[in-house]
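As given in TrEMBL:
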BINDING   ASN53, ARG54, HIS152, THR153, TYR154, ASP218  beta-D-galactose binding site
ACT_SITE  HIS152  active site, proton donor
ACT_SITE  GLU283  active site, proton acceptor
Amino acid sequence: MHLNFTNYGATILSLRIPDKYGKIADVVLGYDSINAYKNDTSYFGALIGRVANRIGGAKFILGGKTYKLSANDHGNTLHGGTQGFSDVLWKVKSHKKHSHVTFTYHSFDGEQGFPGKLVVSVTYMFIGKNKLGVKMIAKPVDKATPVNLAQHTYWNLRGHNSGDILSHTVQIFASQITPVDNNLIPTGKLQSVKGTPYDFLEPKEVGSRIHKLPGLYDINYVLDKTPKLHFNKVAIVKDPVSGRKMELWSNQLGVQYYTSGMLNDTKGKDGAVYHKYAGIALETQGFPDSVNHLNFPSQIVNPGEVYKHYMIYRFTAS
């Protein structure tokens, strides 16, 4: 495995891994220049925060006070606002070649409208020969605040410039989703996936039922608890041509499954042009807009508490 990063947005730039014949390919969508990442609206490879996904009406109430946030998505807040953690410079706290890199960011009180100072770190680490670990830690300094970090890499296991992912098979270990309104804000309900195009409890091709949806998958799944494991099994993605397989585990309650339906002639690295369905994003997370739904598990973290978000990817080919 060969991994490249930038401290702009603590972003994964590339991951090169072998296929079943030993041929190496980069399986991460991205750009050639930092300027392209600065102008990016797709969040390629980025670390998302302070709150990933959407906050309805770009506001929430905490401790009797209303906090108005940066609105950057049809009157709502998406991925932390107009300049979330994906669009700031992180510091490299530690780096050991062939081992790990740790990025840190100090978010200030009132940044994008969120309350309190927040000290954030993300560590990307090799585990053995074929696993990638991601450890996200956040500590509020002086005020309670919502925290919901996410890793927003787009994957194409056939190679980032190989076309669409509609023939990839996906299995998602979740029996429910959090349905959304027309602006992709959760209604607050939980809905069974059974009998719907959202059912990936058994492996299915990405494109097998996508025509029954409004053009794409972009929904939060409620992960089933995996017995006797510290982490929940989240998903398995496999490309039938290259034989590459990606498995994902996490300690989070949800995962956003996004099939890049918004990509449209996006100019990427190595001369690639990314069209609709060029990649899959699987963003483990707390439930979207939880600050405005009391029945959703809370994402509020108080001073003295620590937010911990872990992900483990395993890559194989056969």
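Our numbering is plain: 1 for the first residue shown, then up by one each step along the chain.
Each Cβ is built from the backbone N, Cα and C atoms, and glycine gets one as well.
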Near the Cβ of HIS152 (beta-D-galactose binding site), how many other Cβ atoms are there if near means within 10 Å?
-> 22
In this structure, which of the recorded positions ASP218, GLU283 has the fewest other Cβ atoms within 10 Å of its Cβ?
-> ASP218
Any idea what the Cα distance is from TYR154 (beta-D-galactose binding site) over to the residue listed as 'active site, proton acceptor', rounded to a whole Å?
-> 9
Starting from the Cβ of ASN53 (beta-D-galactose binding site), draw a 10 Å sphere and report how many other Cβ atoms land inside it.
-> 26
Among ASN53, ARG54, HIS152, THR153, TYR154, ASP218, the annotated beta-D-galactose contacts, find the widest CA pair distance and round it to a whole Å.
-> 19
Here the Cα-Cα span from THR153 (beta-D-galactose binding site) to the residue listed as 'active site, proton acceptor', rounded to a whole number of angstrom, reaches 8
Alpha-carbon distance [ARG54 (beta-D-galactose binding site); GLU283 (active site, proton acceptor)] in Å | 13
